[in-house]
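Engineer: As listed in TrEMBL for this protein:
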- 10-57: domain 'DUF1648' (DOMAIN)
- 5-25: transmembrane segment (TRANSMEM)
- 45-66: transmembrane segment (TRANSMEM)
- 86-106: transmembrane segment (TRANSMEM)
- 112-129: transmembrane segment (TRANSMEM)
- 159-177: transmembrane segment (TRANSMEM)
- 183-205: transmembrane segment (TRANSMEM)
Amino acid sequence: MKRNWFGLCIVMLSLIGTYISYPYLPEQIAVHWNYKGAPDSYSPKSLGALIFPIIIIALYILTAILPKIDPKKSNFNRFQSSYFRVMNGILVFLLLAQIVQITGGIGIVNPAYIVPELVGLLFIFIGNLSPKFKPNYFIGIRTPWTLAREDVWKKTHRFGGKLFVLSGLLLLFVPVIPAASQAYYTLSIIVICLALIVFSSYYFFIKA
């Protein structure tokens, strides 16, 4: 597998962003918001500012390790480009979420209204790439039925890709939903999307 220079750049940007913004952050950083968009849980700056950099570094390391430890590792060479695009896309998503956290902590934006938009864009991005995934134990729609048959894997990822894109588009409408209903709207879309994908994998299996 090739070296992930793009992912390394994301790691560096995350660390630099943390270093630059740290003096300007409040002593208590909001880490959760209620359905009204108001923060209801806080973390000390020394911990809250490091959450995203730690997650980003961990995912960057996992990106390099997973293809080497997967029992189906030979399949990674069949979708290497899509694999790196998805993992790097998630790294970008986490970096953007970190930026939202920083700007939210300073008081520039309200993260509660932006994060669902980022999730929607991530869903659209993953949905467009998921049909290219090959069977493996770490990336993609991994149910007992998709892992049992490659044809079920292919059908599920084609269907799931379309469903991810549709769900992502629906999540982009969160800002026009009444504030009191935004959390329920977002959660409902995600739960229904995932439930339909799991059910579809079983359906394709029994029809195979």
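Quick reminder: no glycine exception, Cβ is built from N, Cα and C everywhere.
Curation does not apply to TrEMBL; its annotations are automatic.
Note that the structure is predicted; figures quoted are calculated from it, not measured.
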Engineer: Determine which residues of the chain contact the transmembrane segment (159-177) at the Cβ level, with the cut-off under 8 Å and only residues 6 or more beyond its ends counted.
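Structural biologist: 113, 116-117, 119-131, 141, 185-186, 189-190, 192-193, 196-197, 200, 204.
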Engineer: Using Cβ atoms and a strict cutoff of less than 8 Å, what residues sit near the transmembrane segment (86-106) while being 6 or more residues removed from its termini?
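Structural biologist: Residues 4, 6-7, 10-11, 13-14, 17-18, 21, 24-26, 29-31, 48, 51-53, 55-56, 59-60, 63, 114-115, 118, 121-122, 125-126, 129, 133, 139.
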Engineer: So which residues does the transmembrane segment (5-25) touch in its own chain, when a touch means Cβ under 8 Å and the partner is 6 or more beyond its ends?
Structural biologist: 45, 48-50, 52-53, 56-57, 60, 63, 84, 87-88, 91-92, 94-95, 98-99, 102, 105-106
Engineer: Under DSSP, the domain 'DUF1648' (10-57) has how many residues in helix, strand and coil?
Structural biologist: 26 helix, 12 strand, 10 coil
Engineer: Just to confirm my parser: what is the rounded mean pLDDT across the domain 'DUF1648' (10-57)?
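Structural biologist: PLDDT averaged over the stretch: 87.
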